[in-house]
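One structure below.
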Amino acid sequence: MGTTWRSPGRLRLALCLAGLALSLYALHVKAARARNEDYRALCDVGTAISCSRVFSSRWGRGFGLVEHVLGADSILNQSNSIFGCMFYTIQLLLGCLRGRWASILLILSSLVSVAGSLYLAWILFFVLYDFCIVCITTYAINAGLMLLSFQKVPEHKVKKP
């Protein structure tokens, strides 16, 4: 009936920690690039493979949408990496809960993250014409978390008449 704690599972833990680490790395790269325009990140392999260019683009904040809808000063106009950190933390915490609502929230948040990943992948390839190793890896992590979320849907017992 109620919600109880459980282990999130090794795979969910690994995916969430990897996603969190990549999101924190993206924040670091963006901050370093803001301080020094000549900063070259480890993920900057060439002119068409540059994560720092992607993170510093207008689509690197609020998915490129928040500023135009809510304004540049909106609290939601944050680096996409901030949303990533929040998402991976929520996924890990919800993965520790056993209950119907936790499962529903896991699935819904996973679907939103995959939709966001598809949108950002489209921007990455067809607008920025770039290849971001960190971005592609987070998209794969999001897809993996979505698959895990669908596997973890609890079977509810049906009362026999």
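Numbering starts at 1 and runs along the chain as displayed.
Using N, Cα and C of the backbone, Cβ positions are placed for all residues, glycine too.
Summarising the annotation, Swiss-Prot assigns (S)-warfarin binding site to ASN80, TYR139 and lists similarity to another entry as the type of evidence. In the three-state DSSP scheme, TYR139 ((S)-warfarin binding site) is classed as helix.
Of all the Cβ atoms in the protein chains shown, 24 others lie within 10 Å of the Cβ of CYS135 (phylloquinone binding site). The phylloquinone binding site annotation in Swiss-Prot covers CYS135, TYR139, and the record cites similarity to another entry as its basis.
Taken from Swiss-Prot, the feature disulfide bond covers CYS43-CYS51 (among others), and the record attributes it to similarity to another entry. Secondary structure at CYS43 (disulfide bond), as computed by DSSP, is coil.
Under the heading disulfide bond, Swiss-Prot lists CYS132-CYS135 (among others), citing similarity to another entry as support.
Sequence annotations record features per position, and here Swiss-Prot assigns topological domain 'Cytoplasmic' to 1-9 (among others).
DSSP labels the residues of the topological domain 'Lumenal' (30-80) in these numbers: 23 helix, 2 strand, 26 coil. The annotation topological domain 'Lumenal' is assigned in Swiss-Prot to 30-80.
What Swiss-Prot records for 96-100 (among others) is topological domain 'Cytoplasmic'. When the topological domain 'Cytoplasmic' (96-100) is classified with DSSP, helix, strand and coil residues number 1 helix, 2 strand, 2 coil.
According to Swiss-Prot, the topological domain 'Cytoplasmic' annotation covers 154-161 (among others).
Feature annotation from Swiss-Prot assigns transmembrane segment to 10-29 (among others).
What Swiss-Prot lists as transmembrane segment is 81-95 (among others).
Look at Swiss-Prot and you will find 101-128 (among others) tagged as transmembrane segment.
Proximity of distant same-chain residues to the transmembrane segment (132-153), defined by a Cβ-Cβ separation under 8 Å and at least 6 residues beyond the stretch ends, is recorded for 9, 11-12, 15-16, 18-19, 22-23, 25-26, 29, 43, 45, 49-51, 54-55, 84, 91, 95, 103, 106-107, 109-111, 113-114, 116-117, 120-121, 124. The transmembrane segment annotation in Swiss-Prot covers 132-153 (among others).
In this structure, of the disulfide-bonded residues CYS43, CYS51, CYS132, the smallest number of CB atoms within 10 A of the CB marks CYS43. Looking only at Cα atoms, CYS51 (disulfide bond) sits nearest to CYS132 among the recorded positions ASN80, CYS132, TYR139. If you compare Cα positions, CYS132 (disulfide bond) sits closest to CYS43 out of the recorded positions CYS43, ASN80, TYR139. Taking the C-alpha positions, the distance from ASN80 ((S)-warfarin binding site) to CYS43 (disulfide bond) comes to 17 Å.
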